[in-house]
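Trainee: The following block contains the structure, expressed as structure tokens.
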Amino acid sequence: MATRSLGVVISDDEPGYDLDLFCIPHHYAEDLEKVFIPHGLIMDRTERLARDVMKEMGGHHIVALCVLKGGYKFFADLLDYIKALNRNSDGSIPMTVDFIRLKSYCNDQSTGDIKVIGGDDLSTLTGKNVLIVEDIIDTGKTMQTLLSLVKEHNPKMVKVASLLVKRTPRSVGYKPDFVGFEIPDKFVVGYALDYNEYFRDLNHVCVISETGKAKYKA
């Protein structure tokens, strides 16, 4: 692993970790290939991202916008770290939260047909520093759609934090402002990332097996 502006870069030949080295729910034992990013590493990286966010955005009211459903764990943990920094700083700022749901996946493919559910009234974003928190950037089309929607409400600033960015030839070239990990073009689950709503209850980010894909296929 190496570190650069795109976060912790996980190489294409990263072997991951054997499942039996971690506590994995028994009902998923045959459905995963390996643990890709252990929970502890996720938390340590998230703590640093919180500091980076406050450094760039901490001078004005922040509205943290969570992209559901996959982003909720990263959102909650990132905000916990941000709140800790905020309450221990002489220059603390107010922070509010909002939620939006986007749907673009069926099975393991981004459909390109992006549905926005919720977020009908985002007028509260006007004049605010908006931090959009997402679980994963795949092609980037979903985030481009959301950014267009958010910018209609004239926020003062918009930044995007994504736990994961996938290296894929399908990418439109969009890169978020804050990145936890840059990963190979593999379908990952866990830490609230799902495959047809399954695997959100895993603590670690894992690579799904072909058995798992077949079992939970829509």
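Just so it is clear, glycine is given a Cβ too, placed from its N, Cα and C backbone atoms.
Just lifted these from Swiss-Prot, have a look:
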BINDING   LYS69, 134-142, LYS166, 186-188, ASP194  GMP binding site
BINDING   ASP194  Mg(2+) binding site
CROSSLNK  LYS115  SUMO1 cross-link
MOD_RES   LYS103  N6-acetyllysine
MOD_RES   THR142  phosphothreonine
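What does the local environment look like for each feature on the list?
Mentor: Here the Cβ of THR142 (phosphothreonine) has 24 other Cβ atoms within 10 Å, regardless of which shown protein chain they belong to.
Taking all protein chains in view, 17 other C-beta atoms sit within 10 angstroms of the C-beta of ASP194 (GMP binding site). For the recorded site, ASP194 (GMP binding site), the DSSP three-state label reads coil.
According to DSSP, THR142 (phosphothreonine) is assigned to a helical segment.
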